[in-house]
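Here is the structure we will look at, set down as structure tokens.
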């Protein structure tokens, strides 16, 4: 079985993770004690991807939970699914990272990291054939960003050939939780570019917009936002967990989505977007799903795909539907909007179909796109970073933990290079390619 090891870090990561496990347990018919109460064999057929079977037929999530302060973990443990996790897999410190990336990456986090790695090793040894890791974290705080990226680089060293997928919550353009978000996010992206295989980019503002605009929720909570994220997370891996006509796994996803190794930041979407109450009315058709899925308003990060071009995209459909219709609809999208796809990657949209729809829906689809417009996110963070860094504002919090200014400069230029790379491929056409390559050789 191709297992996935799930790791959640920091407050944001743990809250998203908690929601995610609620969704996964629901899909596989696992109750709050870890017993199976499902109605079909399909739910248990490949349950090993995310669960370990313990004694007495109890299913235990393959999850590692870490944080530098006990608060979030305590509330998670006393929450509805708190008893399902393996108690040893909660790893937490007492001091907190105080929204400081350096604390998470170099001081506090570095002290805790070995105990986290021990748990990761133990879980990895329990796997038949570990496919990879998925990490939930935010990039604006201290633990998820600093310690999260530290863990990713350590896992990269130890398991170089396993896939590393992250669900990363970026700082939002207008809603800011902490002043130093741009620092933390830039330092994190610097790490993610090098050490992660695929990053699903999320941000709270886009999620709020979906809640207001599409779901018509008057005052959305983080619970509602995390609900959206977990629907997408479940969609990305449903092909591994349920039988389907066209399967994909983390590696197939990466091969189809990443034309150049550094450009592995994806925007994700989900359809049908219905608020939690009104689910039973939405019987959608494949064309409607497709249309909603490609809609710019449904993207879960604050970048507009219409401002760039898709290098590649992938769609996972769930439910009983004809693959022929799926293929027709996807071709249809590409033909009608050909200007939004780079023409030097023909057939750059991959679709997969999984027969089992998510709980409470007839059919659904998850969208993962590699669009050059994601540079808007990086550009925005980079501008805020530069504004503060030029004045060396707040820098003493980081240098006090032993960081060097040089590291900031490197992270800044890595982020700017990334933006430039996206821009280069956005502007590239079929004819220009040879000419650009010659130029690069001359420069080199």
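Our numbering is plain: 1 for the first residue shown, then up by one each step along the chain.
From the backbone N, Cα and C atoms, a Cβ is placed for every residue, glycine too.
What Swiss-Prot says about this protein:
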- 11, 69, 138, 142, 143, 144, 204, 226: GTP binding site (BINDING)
- 69: Mg(2+) binding site (BINDING)
Diameter of the GTP binding set by C-alpha atoms, the set being 11, 69, 138, 142, 143, 144, 204, 226, in angstrom: 23
Cβ neighbours within the same chain of residue 226 (GTP binding site) - under 8 Å, at least six residues apart: 15, 16, 18, 19, 20
Per-residue Cβ crowding (10 Å cut-off), top of binding-site residues 11, 138, 143, 204: 143
In three-state DSSP terms, the structure that residue 226 (GTP binding site) belongs to: helix
Site of maximum Cβ density within 10 Å, from binding-site residues 142, 144: 144
Neighbouring C-beta atoms (10 Å sphere around the C-beta of residue 69 (GTP binding site)): 19
Where residue 204 (GTP binding site) falls in three-state DSSP terms: helix
Three-class DSSP secondary structure - residue 142 (GTP binding site): coil
For residue 11 (GTP binding site), the three-state class that DSSP assigns: helix
